[in-house]
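Here's the structure, in structure tokens; my notes come after.
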């Protein structure tokens, strides 16, 4: 153990006789027999001194202190010499004992001894001091003894912990600094190896003794070698206070403020006060509490004569005489006041010198008058006392800056509002800059809001250099911090910056939803490799962040800071998209988080942002339907050209997709230019008989509506018809009266019908049914032998059809999206139906290869039969768009998971019963196939009632044998009848468990899943509906096998002619200039209306709750008053 090596104790090694004890005691207070004997030649010492007459030894009292019978957690304690360096002790307290680094240290001095504490002082400690310590996160240092003020502080801390939350309890730490030689029963703490714990038991303590107080959280026991002497801890305590005052708070923004509170005190207390004042430690004197405090309060109040009057060069002699006269007069006044408060003190002149020295440092002293200043303002008094001392040495021209820093460090926004931001002070940007950074780093959103409301310009504040410093301040245990560290390690030796690392991390989280962040200020182009981007010179740091609120919003969301991120969202623009982006980031981070509590907090905050996006869009949809559609498909330059629909899809925002406005837009896109109420039979008829398209069978939108300017932006851009975009761009530049139809009616109506996603879907469904019919016909009727006899022409058509399906899957994998090929493949694989397509096509290719050879023909045919099942199951996805079938498909998918759990339990019982049944009925059977059938297949069929009673009863109706040789050659073994009674018991138990227990368990699971999913099945279906609409919107209008024509057309335009595809990005509208600005302003206005309405409802609910509470509290009083009056009347 290293503590005895570092920390020492003091032991008196020289006996200095105490004349008042008749030679029995040393002046240190110890008995003669514990000292070394004095030889005759030794020099007689008249005055004992700790430095000369004591020796250092390793400490023998440290560890954990358990107060017997107190029922509280153990308190760490340490016996140490009075000259121990305070840095070692402070490090021990914070690192080994685990005490939190304080934001404030309040050292309560005086009020020691057995005298009773005044009631007013007790109330100030209970209601003022501890409350202030809780609000600021302070250490309260006392004598640690169960007497006087130390006992009052301990009881106040105990009462506070009994009623406060666990978080508030940790903010109040009572530290006792007590003289070792004054502690009663201190030998119980001695153990050279350390006590973990040391049981401290006090019983029948004499009145003149002192014991430790069990309500303190830590103890420092100061040892100077004396016994029974008070004040031995004074020097060490003053040095410790001075050392702590030069340390940084937990946030590191300011040095830890230390304040000494003087309560009562004797004449020796003046030396203690003078010593701390010389160390520039501020003092708060509680007037009216006792002699020393009252003396200092009186001196500061009544003495107004300057100690150093100004001296004129021409009147030097007169000035000198005046100074001497004033000094004599001042000493006389001080002497009279000391005589008044300490009439029996002999060393009067020494006290006068100490009092004058205290008066010289009066700027560090604040007097608290409890009568004039209420107890509720005690924390403000502490703040003023510290600020008054800070102003004395402050170099900052603004005298209120230190006060603001303290308020931020203590997180007391109420003090800041009432004292600093009440309108009397004109704050400059420079005054708020440092405190703003402190509030951001330490998660104090109320201060951030306060600074912004009082003159801090966020555009001037947030440069890219400061944004990097904010990311650099992330805690090491933060998930995003680990991301950054890992990226930094991957790029050792490169000139990378924090902004580039953050951009890389955001790209990983956001995936392909939006373009990388911070590439523009970094001077990095979109297609550059990451290592090349890392080597770009860092010339961006002095630039302003063009979207500061969005940057701060991302920074807060990455740290899962709820209040801070919501406030930044309120201040940022593009509210719906920003909320969905926050939802996306948090849900991705929650998948990586390992701590359960943090994961739940992230999910809750993500749901909060999804709700906010839903509510804001609801306000927009109710205000203006067409504008709200633009809001959904507008590309955002702030969020990397992403749209709300893209971000909602990536964030899995199902609640947002369930909104009627989103579904209305999807319906418009789904039906194209056709009326959304068109019956399905009309579509089918027009599909097989195209001339009906030119009749009035199907209602189309009018030409004037289609080519209206607003409709052009909303329809043409949404549908991304490649040729129509060019026409739209030409039409926009013409006046409304000049808009004319460029295409013939026949071609235009043809495109209106065949280019609608619903038509593409219908064609794919009909052709897929035809494909399944052809596949079934080939398998059942026209599956020819291997070449040269086969395959048949119908089978060749089937092969070509599947080839077109493979081409379409390749197009979806590699040519859809704007990200890299690897990211496209990952996104493609994530879809379960794409996995189904890959499985079906892989099985078909395998079956095709195998059926071409005689030796694998039958296997290939079997593979194709299984493949037909997979292709048929693909129909489930096609019908997911149906309003009635879609939700039911969701429920079936959830129930399939329940079946797997059922099969697991069934498999356990099935194997247990099957093996036992086979072993009991058949003593020997060497045929593996039959053994497996009897072990697994027969017990499974027992569930459905197929029970072979003949075998169980031992009746031999079939030819069988018990000859092992014949059985080995393939003969049927005879069942054994010796243990059939045991087989019947096992069968009964097996059927009881499977048919009754497990089947009913499965039914119960199905019922629970159905009831649970049914409530939200509509939400899930609407989300899947979007994916299906987006898929068929991106597909070519022709369906397999004719889709090969569309593929050739795309190949010519993209590869040969190199024309860009306008359908590679779905549902996008690029708004710029005034139109984009108007849309953002409209969205922000509706968001503010929503927040105002929600705040009003919250205030009304709080008011109603208070009214109900007050009514409940008043009614009993009225009832008792009424009963009392009625009883008097009866009398």
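Including glycine, each Cβ sits where the backbone N, Cα and C put it.
Looking up the ranges 701-726, 727-752, 753-778 in TrEMBL, the one annotated as transmembrane segment turns out to be 753-778. Looking at 671-689, 861-879, 880-898, the stretch flagged in TrEMBL as transmembrane segment turns out to be 861-879.
From the options 838-855, 928-945, 946-963, the stretch TrEMBL describes as transmembrane segment is 838-855. Confidence across the domain 'TRPM-like' (419-659), taken as the mean pLDDT and rounded to a whole number, stands at 80.
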